[in-house]
Amino acid sequence: MSDYKHTLNLPETEFPMRGDLAKREPNMLKRWYDQDLYGAIRRAKAGKPSFILHDGPPYANGSIHIGHSVNKILKDVIIKSKGLSGFDSPYVPGWDCHGLPIELKVEGMVGKPGEKVSAAEFRAECRKYAKTQIEAQKTDFIRLGVLGDWEHPYLTMDFGTEANIIRSMAKIVENGHLHKGSKPVHWCTDCGSALAEAEVEYYDKNSPSIDVRFKAVDEATVAAKFDCPEGHLGKGPISAVIWTTTPWTLPANRAIAMHADLDYALVQVEGEHPERLILAAELVKDVMDRAGIEKFHNLGYTKGVALELLRFNHPFYSFDVPVVLGDHVTLDAGTGAVHTAPGHGQEDFVVGQKYGLEVANPVGSNGVYLPDTELFAGQHVFKANAAVVEVLTERGALLHHMVFNHSYPHCWRHKTPIIFRATPQWFISMEQKGLRQRALEEIERIEKDGITQHGQSGWVPAWGKNRIQAMVENRPDWCISRQRTWGVPISLFVHKETQQLHPESVRLMHEVAKRVEQSGIQAWWDLDKAELLGSDADMYDKVPDTLDVWFDSGSTHSSVVDARPEFNGHSADLYLEGSDQHRGWFMSSLMIGVAMKDKAPYNQVLTHGFTVDGQGRKMSKSIGNVVSPQDVMNKLGADILRLWVASTDYTGEMTVSDEILKRSADAYRRIRNTARFLLANLNGFNPATDMVAAADMVVVDRWAVGRAKAAQAEIVTAFEEYNFHGVTQKLMQFCSIEMGSFYLDVIKDRQYTAKADSLARRSCQTALYHIAQAMVRWMAPIMSFTADEIWALLPGERSEFVFTEEWYDGLFGLDAGEQMDDAFWAEILTVRGEVNKALEAARGEKRIGGSLQAELTLFAKPELAERLNALADELRFVLLTSKAKVVTADTAPEGSVATERADLWLSVAQSAAAKCDRCWHHVEDVGTIAGHEEICGRCATNVEGDGETRQFA
C-alpha cells in the first residue's frame, strides 16, 4: 500500500493556534520600540491630509483603571484606522499635572507648604511626585498597544506648557471676558478651596428640614395686601414662612424670595396661640400637615408681586429683610417662600444682585463661622445646624423641624459635603462679552458641520449635543481662581487701593510667561514686582491665586495643539472622553476656545460610557468587582481587552466581567483560527510569481475575494462612523459565516489535493492572499499585536509594519450579470444549508458517517436545476459530497426529503463506491488505475499527470 501523504499540500505555518498573548505581546512591543514603529508611521504618512485626535489628559495620580483603558484603546483604534484611511494622524498623549489630588498626596509625605517645607520646596516635590505617577501610567498605556509619541508627551507642568497656559489666560483678559467678584462658589472646607463644577459629586445626605417664621415688621400693611373680607383680617402675629435644609445659612439671610405670579394665602392658625402665616396657596395643606396644625383657614389671597419689598424681621438678628421676587421659586417643595442668602447660593446671589442685597459671608475657608458671627462664632457650619435650630426654637421662630434625606453636593476628592460660599474670586463671564451665546452657536455649528461632512452629528452619540447645550445654558460664570500652591499662577497685578487690574496686564502676563518658560511656575513667586512694574511696584499686589486645573487642560488646544510642530497649525478634529466630560474637559475647552478664538477647539466630540460589572454595578473595591486592566493583560493579553472594548457599544454603559472577557477570548480564537488557515494555506505561495489574474481564477475564488471587498466597504465605513462594534460584528461574520462555514470548507479538497503549482491551487492561494492582505488591515486598529504577527508571516514583499499601510486596494469581485454572480452564489449557499441539514439527519440515523460517504440527489424545479447544473461535476465539491446529481422535478419525488425551499427536495444515500486513500472521496474508479490502485483517477492526475482542471469550485 502506497503512502500518498507526501503528495498532499498540507497546511504549514509558524503562526501558532494559541495566541499566548500575555507572554508574546511584550516581545512585540520591544520590537516596535526598538525599530521606532511610531516614527515609521509618521514618515510613511508625511504629507497626507491631517487628522488630529487631541488627547484629553488623564490626571497624573494613581494606577490606570479599566475606564482609562477603554479611553486610550478607543483613541488608538481611531488613530490607526485613520492612518489606514490615508491620513497623517499623530497622537501626542498628555497628562494633567497640577491641582489638589497631588497636593494632598505630597502633604501626606512632606507636610503642608509653609510648615515643614517652603512653598517652593512643596512645588518641587509635587513636580517630582507627578513624574513618578506619569511613568507608571505610561508603562501601562504602552502595554495596551497604544501607539503615540510616548517619548515626548505633553505635560501641563512642562515649563513651556505652563507658559502657554498663562498666554491663553492673557488672551482671555485681552478679549474682555475676565472679571473679579465676590460670588458664591462650590467650596470644600477640607480642601480650603473653590471647586470646579466637574469636581462636584452628588450623594444622599441627611439634613435638617425646617420651616421658619419671619415676623412682619408692619402687620397692618402686610394684611392689607390680601383680599380678606372687610373686618376679617384675622388675629395674631403675621409671619412669612420659609423652608430650608441648610439652617447654617440663616445668619447670612438677607431676603425672602417669592414668585411674582404665584398665589399666596394669609392663613389663620386657630387655637390658644393664634397666628397668621403667609404661604403659597397650593402648599398650605402640606405645610399644615407636617407642622401638625389641624385648625386653620385661609383669610385671603394675593399674588406674590403685591408683597414685593415688604419687610420682615430676621428670626434671630436685630434687622429686617425684604421680600424679593425670583423665577427660581417653585411649588415643588417647601412653602413658596425661599430663604435667600446671596453669599451661599447661586440663585440667591443672582436675585440679590438685582435688588442690591448684601453678599454676606460669615463663614471662613475652613467652614467655621468667623469670630464676629453673632451667636455662632467658632462653630463649624455643619455642626452648627443643631445650634441654629435651638436658637430658632428659643425665639419662637421654628414652625417645624424634621430630618430630610436628599441628594447633596460633595467634594470629589474628600467625599465630604461642600458648601456654597461667597469669596473674592476671578471669573470668566458668561455674559459680558456674549460668551454663552457664542458657545451655544458653536455647539449648533458642530452638529451641522458633522452632518454635512460625515453624515452624522458632530456630537457622537447625538444626545451629547443636548447635554452640553443644557449645561452651557444654565451654567454660572466660571470661577477660575483657586487658593492653592501647586498650580499655574493667574499672573495678575491688582492696585492695592482700587483693586483694579494693572492697565498693561496683557503685556505683563506675556512677560511672566517668558520667565515661566525658562524656569517653571516658581518664577512667578520668585518674581520681584519691581522687575516688571518699576516705580509702580509699591502700588500693586501680585495675585496669589492659581488657575483652576480645568483651565490647564481646557487650554491645551492652544498651549499644546497650536504649539506642537507635528500638528502643523491644524486644530483638533476630534475630542474623545467619558460622558462625565461634558461638564469637564469638553466644557472648559469650549469656553476657553470661544473666549480666545471665537471658535470651539474641536470639530467632533465622541463620548463613551462608564464601565460597570456584569450586573450593571459600578466598579468598587469594597464590592470586589473591579476588573483590573493589568490583570487582564497578564492573563489574556492586551488584544483580548482591545477586542472587548471594540465589540462593546460605547454609547452606553460598558459591561465587563471575567465571563464577558472569556467570550471576547472565544471570539478572538475564531478570528485567529481563520487567519491561521489563510497563512497555513499560503505555504509555498510567492505572489510575485504565483499570482493568478482575476480573469483566470476559479469562479468561487473570485466570489470569495468579492465578499472580502464587500466586507471591507462595510468595515471602512464603520470605522469612519466610529461604529467599532459594527466592525467586529462584520469581521466575525466574515470569518465564521462567509469564510469558515463555506469558502474555507469548500477549498480544502482543492487546496490539499490539487497539483502544487496547478492553476486550480494557485487560484485558491491567490484568493487567500488577497483576503489575508485585506483582513490583516481590518484587524490592525483593534487586535494590533495579532495583526502585526500575521503581517510578519504573509508571503511576498511588504513594508515592515502593517500600521504604515492603507486599506488594501487589490480586491475585486464577480461582475454583475455574469452567470455565476453574487446572487448565484447566495442561492448556492441556501441550497448548501438545506443539504447540510439533510446530511446531518442521515448521520443521526447512522446511514452515513462523514459527508463524503454520501451520494446526494437534488430534485429541483427547472429554474433551480438549471442553475445547479451550471456547476456540472463541481457541484459535489461545493456540497462536500462524493456525488451530487441534479434531477429536474416539479413535485416531491417518492422517498425524497422536503426542504425549506419550495423548489428543492433531497435524497441522501450511502455511496457503494470505494474510498480514495488520498482525497477520501468515494469514487467508482478507485482500484482501476494501474500503479495507483488505492486512489481515484482525479488524484492520479494530480499526482502524476498535468493536474485536474477546475472552473467553478
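A Cβ is built for glycine as well, from the same backbone N, Cα and C atoms used for every other residue.
Among the ranges 58-68, 289-299, 333-343, the stretch that Swiss-Prot annotates as motif ''HIGH' region' is 58-68.
Within the set 363-367, 503-507, 618-622, the record from Swiss-Prot flags 618-622 under the feature motif ''KMSKS' region'. Packing against the motif ''HIGH' region' (58-68) from elsewhere in the chain are residues 95-97, 99, 101-102, 105, 130, 133-134, 136-137, 140-141, 155, 578, 610-611, 619, 626-630, 656: each is 6 or more residues past its ends and has a CB under 8 Å from a CB in it. If one looks beyond the motif ''KMSKS' region' (618-622) by at least 6 residues along the same chain, the residues whose Cβ comes under 8 Å of a Cβ in the stretch are 65-66, 610-612. Here the motif ''HIGH' region' (58-68) returns a mean pLDDT of 92 for the predicted model.
Note: the Zn(2+) site is recorded as CYS916, CYS919, CYS936, CYS939; in the same chain, THR753, ASP917, ARG918, TRP920, HIS921, VAL923, VAL926, ILE935, GLY937, ARG938, ALA940 also have Cβ atoms within 8 Å of that site's Cβ centroid. Distance noted between the C-alpha atoms of CYS919 (Zn(2+) binding site) and GLU577 (L-isoleucyl-5'-AMP binding site) is 56 Å. Counting only same-chain residues six or more apart in sequence, the Cβ atoms lying under 8 angstroms from the Cβ of CYS939 (Zn(2+) binding site) belong to TYR4, THR753, CYS916, ARG918, CYS919, HIS932. The 10 Å shell around the Cβ of CYS919 (Zn(2+) binding site) contains 23 further Cβ atoms across the protein chains shown.
Cβ neighbours within 10 Å of LYS621 (ATP binding site), excluding its own Cβ and spanning all shown chains: 7. Ranking the binding-site residues CYS916, CYS936 by the number of CB atoms within 10 A of their own CB puts CYS936 at the top.
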